[in-house]
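Notes for the one structure printed next.
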């Protein structure tokens, strides 16, 4: 009968393991003494028993959170310098209200081991988390961790805790800060509205963001690695994120970037013994905050169809003395880009009006700015910027189109879309979308130089298109935008200059290529919406999520 003992022992072991796991889950995430609800400002002793000060040679470097009796979770970038990996110089302080020294009842523990994700390269690239194994167990209550499928309430209030070195109010004292969780797309949208390329799309796969209350300074130096935690309905506090980095101490218009703990839960589960990964109620609804920021190049309706009416919320219809004359693209709250040749001999702003998106009304023009080097379409520089008489309010029916930076790729063979008229000379009701294939200057030059072509030189600042298929009737529209999609974001690739955009490959249409004119546009109106090309999605922690990693990754 000995063969029976194996299964019996396994079942008993599993029972003990399950009981231990359930006990850990009950114990984790229980806030200590203090007000019934967290209050903005200084904490009280023991309020957050898992709060850790990560120190090197006694000086506070980063914050962290106790997630098991021998494990502290913090940020990888705290250990980027070579000297930082000398573990005997590092320690973790638990239970202290002060950034320096030890509060009564605080405990300082040495660090026995450090674990970083293999994919970590730089905090801006993601995977910014680290595990510190303590030299001996501690009795402080740990924070709960989320399962991989955990959904946090975007737009709802969670809390960050840290010492916030830049505050003048009780410097060096542990503080509570209310943060609203912000999804990655919305966070990127907010940062892109700062119109600074080095801050473009900072939230990468495996990140989320947190925004402080209006007028309140967010996490700052020394708060890196600290927890952002949310209260679950069952009363447990769960770590939603790890403070990674911010611009200007996370002001309202520049949220703090967080490592998404749930996105790295599998990595944590494989390494942390004794941590409680809290199961979430399956009834938790999906939550979205997409409506809180209007992103350039975002299309909330069905995509374009050949020959169908335009779905573009950035479409501009230029009316000269009441007649449809040209197309264009809305690129900010008050700017439209179009072709310069539309205005030769008719440059009085009062003669023009602009229809936008799906809105029925029209806007007047305050100013017309033609590129100073423009002489004729075949000579290039066929671009103009129009300033509206009044700024528009962006929303579902009006959104700006993203402008590309000079290194934006417009590869041969890429699918694009243009606007055309269903009938020659027809008005607004005849506008339709036309699918096209992008052609670079070399391929386009060969076709224009071939028999039957017009022999026009194709300059480096141009891009060409060839219509895909045939529509029953179609005529290109001067100044109309050439748009293409990159992983869900739409960009202005070009503005129609000459040639018929409805023609096939024998006579490609020619467009002013927007990547070549970033300097000119920026010099006129820095408020336009430039955007980086979205990078390929990847599993958080994978090498693909960190494109600057060496190939050995």
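Note that Cβ sites are derived from N, Cα and C of the backbone, with glycine treated the same way.
Pulled from Swiss-Prot:
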- 77: active site, charge relay system (ACT_SITE)
- 128: active site, charge relay system (ACT_SITE)
- 224: active site, charge relay system (ACT_SITE)
- 341: active site, charge relay system (ACT_SITE)
- 382: active site, charge relay system (ACT_SITE)
- 478: active site, charge relay system (ACT_SITE)
- 62-78: disulfide bond (DISULFID)
- 158-230: disulfide bond (DISULFID)
- 187-209: disulfide bond (DISULFID)
- 220-249: disulfide bond (DISULFID)
- 326-342: disulfide bond (DISULFID)
- 444-464: disulfide bond (DISULFID)
- 474-502: disulfide bond (DISULFID)
- 24-273: domain 'Peptidase S1 1' (DOMAIN)
- 294-526: domain 'Peptidase S1 2' (DOMAIN)
- 27-46: region 'Disordered' (REGION)
- 1-23: signal peptide (SIGNAL)
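Positions of the features from Swiss-Prot, shown on the structure.
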| residue | record | Cβ contacts under 8 Å, 6 or more apart |
| --- | --- | --- |
| 62 | disulfide bond | 54, 74, 75, 78, 222, 223, 224, 225, 226 |
| 77 | active site, charge relay system | 122, 123, 128, 224, 244, 245 |
| 209 | disulfide bond | 181, 182, 183, 184, 186, 187, 190, 203, 255, 256, 257, 258 |
| 230 | disulfide bond | 152, 153, 156, 158, 159, 181, 237, 238, 240 |
| 326 | disulfide bond | 318, 320, 338, 339, 342, 477, 478, 479, 480 |
| 382 | active site, charge relay system | 339, 340, 341, 371, 374, 495, 497, 498, 512 |
| 464 | disulfide bond | 438, 439, 440, 441, 443, 444, 447, 458, 499, 508, 509, 510, 511 |
| 474 | disulfide bond | 420, 421, 422, 432, 434, 467, 502 |
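Highest Cβ count within 10 Å among the disulfide-bonded residues 158, 187, 220: 187. Through the fold, the region 'Disordered' (27-46) approaches residues 95, 97, 103-105, 141-145, 159, 161, 169-170, 173-178, 213, 216, 229, 232, 235-238, 275-276, 278 of its own chain, all at least 6 residues removed from its boundaries and within a Cβ separation under 8 Å. Look at residue 230 (disulfide bond): DSSP puts it in a strand. In the structure shown, across all protein chains, 224 is the one of the active-site residues 224, 478 with the greatest number of other Cβ atoms within 10 Å. When other Cβ atoms within 10 Å of the Cβ of residue 128 (active site, charge relay system) are tallied across all protein chains shown, the result is 30. It is 78, among the disulfide-bonded residues 78, 444, whose Cβ has the fewest other Cβ atoms within 10 Å in the structure shown.
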